[in-house]
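Lifted from Swiss-Prot, the feature list:
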SIGNAL    1-17  signal peptide
DISULFID  Cys193-Cys433  disulfide bond
CARBOHYD  Asn224  N-linked glycosylation site
ACT_SITE  Ser280  active site
DISULFID  Cys327-Cys341  disulfide bond
DISULFID  Cys351-Cys374  disulfide bond
DISULFID  Cys358-Cys367  disulfide bond
DISULFID  Cys396-Cys403  disulfide bond
ACT_SITE  Asp472  active site
CARBOHYD  Asn523  N-linked glycosylation site
ACT_SITE  His534  active site
Amino acid sequence: MRVLPAAMLVGAATAAVPPFQQVLGGNGAKHGADHAAEVPADHSADGFSKPLHAFQEELKSLSDEARKLWDEVASFFPESMDQNPLFSLPKKHNRRPDSHWDHIVRGSDVQSVWVTGENGEKEREVDGKLEAYDLRVKKTDPGSLGIDPGVKQYTGYLDDNENDKHLFYWFFESRNDPENDPVVLWLNGGPGCSSLTGLFMELGPSSINKKIQPVYNDYAWNSNASVIFLDQPVNVGYSYSNSAVSDTVAAGKDVYALLTLFFKQFPEYAKQDFHIAGESYAGHYIPVFASEILSHKKRNINLQSVLIGNGLTDGYTQYEYYRPMACGDGGYPAVLDESSCQSMDNALPRCQSMIESCYSSESAWVCVPASIYCNNALLAPYQRTGQNVYDVRGKCEDSSNLCYSAMGYVSDYLNKPEVIEAVGAEVNGYDSCNFDINRNFLFHGDWMKPYHRLVPGLLEQIPVLIYAGDADFICNWLGNKAWTEALEWPGQAEYASAELEDLVIVDNEHTGKKIGQVKSHGNFTFMRLYGGGHMVPMDQPESSLEFFNRWLGGEWF
């Protein structure tokens, strides 16, 4: 049996599944012949086998029970590590000269600014270790690409010069009132999927049609907010590096640096309310990234709330709801037969026991087996049916593009030389999802770690919205509702007992139309969105923009 990625588009689970299961990725997986054209010598097949040998040596020091568990996990591995590398290969790239960019913000310059504090003593204007970071900014001509003409746009890179990491971003100013509208950072998941898929498939100002042309989106989230789309971690989308990020905490440092330098360059946006939104594996990212921002008392980031859509945040609670969602208890017909449903029920106690051990130790030695066992036992039965894991209502129509042909259109568009040139990208090819990164995070134990424990700390300071399209399987609404009710925080009892109420459109010609359900107490809100799959803004664009605008307006907090 081979380890193959059971990818969650914008939230991928690396699960052990039967060898006939198609590797999801298509155009997103190493697009173009130049993807790995420049590979360091130590990234040979022999180089990749070394981690496995070291890994096997470490196993000798474990208890008999732990070794038995790892022997079971090892049966899921390919014989040769060059078939399943634990490190992402560097992308071929060509760095543009400084003269190409309109602005370069040096982290060392920002770090050198001292001010007089309230106690009369000198202190840095902003906190954080920024010396190694630079931000490169290019004002992009909307007319050259036909994407939201008339709307101000910036693209560029955050450079971590110490670790040779370069994160690509694309900023769109609000169509409405940019001097007063909030700013939102959007993050897709994976781990290892580009946020530009969210831009062009979900909530950005344009989608890409079959002719590989941009099409105006009336329901774009920059209708009433300025939005930053960030390709992170490195080696995702247009981002690149010769090093790697393998856990969510490390990625959080980069995001803090990006925002700090961006708002330093553009103080007109820094004064606006700021929010972080994302989906799927962003259920891991966002609690960490928001906590990182809030940990800095001296900051220029006006964080007001976070929004997580169809996220994976608390595996212990959420994995319990794969069987109900697959077996007809989530509001849609059953996908699995009774025998498969029973096998999932039988596997759940062991799965939760393993996750519980992961939560206690937070050790990769415990968390990795939990991820692989639980994904194999509770995700693979659904995958084998050929049904779309992101939408229980239909089959996976395009397995080479994570079930959606539109992802292939996006990849084709972003690989056009004229697009790469217009946005200043420095890689020779764009890939929508990098499954090497997915494995990096998995084998560092990140997948099952208890990042939900950070949410109570967020609730003390800012509002948190958990929303879920109710047709998604992979990060389904049942599990998301359940973990929010199980979360221990001062308002738990009142929140858990709150009833779901109708969510209706209030501000357009469809006023009164029911689009979902909502419950809220204090700073915590959950929404179920009717008819939405894993990507709510793609499936239900009107409903998506409705709740988004109202959330930013403070209706539920």
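Here the Cβ of each residue, glycine as well, is placed from N, Cα and C on the backbone.
Features as recorded by Swiss-Prot, highlighted on the structure.
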residue	record	CB count, 10 Å
Cys193	disulfide bond	35
Cys327	disulfide bond	21
Cys351	disulfide bond	24
Cys367	disulfide bond	26
Cys374	disulfide bond	26
Cys396	disulfide bond	19
Cys433	disulfide bond	34
Asp472	active site	31
Asn523	N-linked glycosylation site	20
His534	active site	30
| query | What same-chain residues, at least 6 away in sequence, bring their CB to under 8 Å of the CB of Cys341 (disulfide bond)? | reply | Arg323, Ala326, Cys327, Ala334
| Relative to the Cβ of Cys358 (disulfide bond), which residues of the same chain, six or more apart in sequence, are found under 8 Å away? | Val366, Cys367, Ala370, Gly445, Met448, Lys449, Pro450
| Here the recorded positions are Asn224, Ser280; which one has the lowest number of other Cβ atoms no more than 10 Å from its Cβ? | Asn224
| What's the CA-CA gap between Ser280 (active site) and Cys396 (disulfide bond) in angstrom, rounded? | 18
| Closest of Cys351, Cys396, Asp472 to Asn523 (N-linked glycosylation site), Cα positions, recorded positions only | Asp472
| note | According to DSSP, Cys351 (disulfide bond) sits in helix
| query | C-alpha of His534 (active site) to C-alpha of Cys433 (disulfide bond): distance in Å? | reply | 16
